């Protein structure tokens with residue numbers, strides 16, 4: 001029996017409204033966005049790092065000097081070393097900054113930080129985060145949830161919105177430490193969302209733009225290249241899921257190539273015309289900075305350095321090594337410089353490149369053989385990000401966000417990925433603690449991370465309460481170990497006499513401990529990616 005016409009319309013409208021709210025367009029999304037923006041405003045007067053001066057100097061360079069001198073200017077040690085689009089981004093910001101405080105736009109005004117300058121630069125990060133908020137809303141529309149879930153905390157779109165908008169790492173790195181990661185991550189997430197929405201050309205365009213804003217995203221380019229070749233340029237599969245070679249579309253390949261090349265031509269074209277391309281590339285890829293950043297990223301090389309240090313100490317104790325040959329302190333001063341290992345073979349940029357390529361190759365080949373739709377692409381992207389983080393040259397600890405943010409999307413779709421996310425996000429975020437080393441910021445970073453972690457655990461457990469436990473007892477025990485480690489590094493050790501003689505010990509301990517969690521998450525995600533078989537439904541949608 002047919003339902004009454006009015007009831008049918010009402011039911012359809014109700015269903016549409018429910019779907020809209022669940023996909024991130026409900027009132028709760030706006031509330032979350034406004035609330036986190038207000039929180040960012042409260043962080044305006046907090047400590048800022050040398051990255052603040054980096055970006056002030058870039059404002060001055062792009063405003064005061066002609067384009068031909070942007071990548072040659074070296075009055076400050078913080079020279080322009082981002083791709084051209086970011087330079088133009090700073091140039092546009094400077095157009096506004098000149099009405100706030102013209103003094104900030106003078107190249108010779110090193111370490112200039114008037115109240116007006118601080119306010120302007122802080123607000124520029126908050127305002128440009130609007131793109132990140134929009135991208136998060138688009139990602140929320142890409143996740144589906146069960147219709148019988150009435151509690152808001154059990155809805156994937158709501159949980160994902162909180163995990164993205166209130167991401168602890170972005171809050172402290174951008175709005176305390178100071179950078180524009182939210183803006184850049186917004187372009188990345190929007191590109192991912194467009195792939196989920198089958199708007200491949202838009203996704204390719206956005207990713208090309210992203211590469212010309214910050215070249216660190218080259219690490220995830222293999223995932224984009226392979227997926228677009230396999231699932232867009234090849235339009236069909238054989239019954240067994242293998243590629244149908246005759247389905248290759250030259251037109252699609254040409255359209256993709258034209259889109260990407262046009263973006264790069266617009267970005268680098270002026271510098272090619274000026275004959276400055278080698279100079280620009282030398283700024284973008286400076287291999288004189290050493291294997292590890294000033295704050296050790298929790299990756300394979302942190303563990304490698306610790307083993308080398310331990311072996312050198314043991315060798316001296318056992319009189320197997322001459323103390324005069326040990327390069328004391330070269331790795332433990334927190335300096336950005338080149339160094340050589342004492343016992344283990346020293347690592348070259350080429351060695352890290354080979355290790356990185358080897359680490360991402362299986363995931364890229366898997367994407368070719370079994371694309372598994374946008375979910376397979378996203379898993380490959382995360383593995384590329386983690387592979388580069390684990391084995392890359394001069395990796396910044398902040399680069400872990402390149403994996404945590406997209407993994408947030410997978411975490412609301414499966415219990416297995418949710419468990420991996422909890423380990424990676426908790427250890428990755430904890431490893432960012434040394435970035436904020438001033439006393440007033442200690443309660444802020446502890447409280448913000450505690451809130452984010454408690455929500456992540458409780459929300460994801462509520463979502464997957466009918467499935468397997470998200471964390472094993474070993475994983476739970478490991479994560480709980482971060483509590484005494486944090487207390488020792490942040491509170492106890494600074495009160496000891498060792499703090500003056502060995503100031504790098506807390507960073508060494510936290511980096512090494514977190515490296516175990518990051519390595520474990522990378523291994524688990526790899527095992528999951530290589531062992532999971534696509535369902536019949538996924539094969540049909542490829």
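Note that Cβ sites are derived from N, Cα and C of the backbone, with glycine treated the same way.
Feature annotation from TrEMBL assigns region 'Disordered' to 1-23. Per TrEMBL, transmembrane segment is recorded for 28-47, 156-173, 203-220, 253-274, 343-364, 376-393, 444-464, 476-495, 507-527.
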Same-chain residues near the transmembrane segment (507-527), Cβ under 8 Å, at least 6 residues beyond its ends: 295-300, 302-303, 306, 332, 334, 362-363, 379, 382-383, 386-387, 389-390, 397, 400, 407, 417, 420, 423-424, 426-428, 430-431, 433-434, 478-479, 481-482, 485-486, 488-489
Surrounding residues of the transmembrane segment (444-464) on its own chain - C-beta under 8 Å, 6+ positions past either end: 43, 46, 151, 153-154, 156, 159, 162-163, 166-168, 171-172, 176, 411-412, 415, 418, 421-422, 425-426, 429-430, 433, 436, 470, 486, 490
Long-range Cβ neighbours of the transmembrane segment (343-364) (under 8 Å; 6 or more residues past either end): 219, 222-223, 226, 287, 291, 300-301, 304, 307-308, 311-312, 315, 321, 379-380, 383-384, 387-388, 390-393, 526, 529-530
Recorded stretches the transmembrane segment (376-393) and the transmembrane segment (476-495) touching, at least 3 CB pairs under 8 Å: no
Tertiary contacts of the transmembrane segment (476-495), as residues 6+ beyond its ends and Cβ separation under 8 Å: 422-423, 426-427, 430, 433, 442, 446, 505-507, 509-510, 513, 516-517
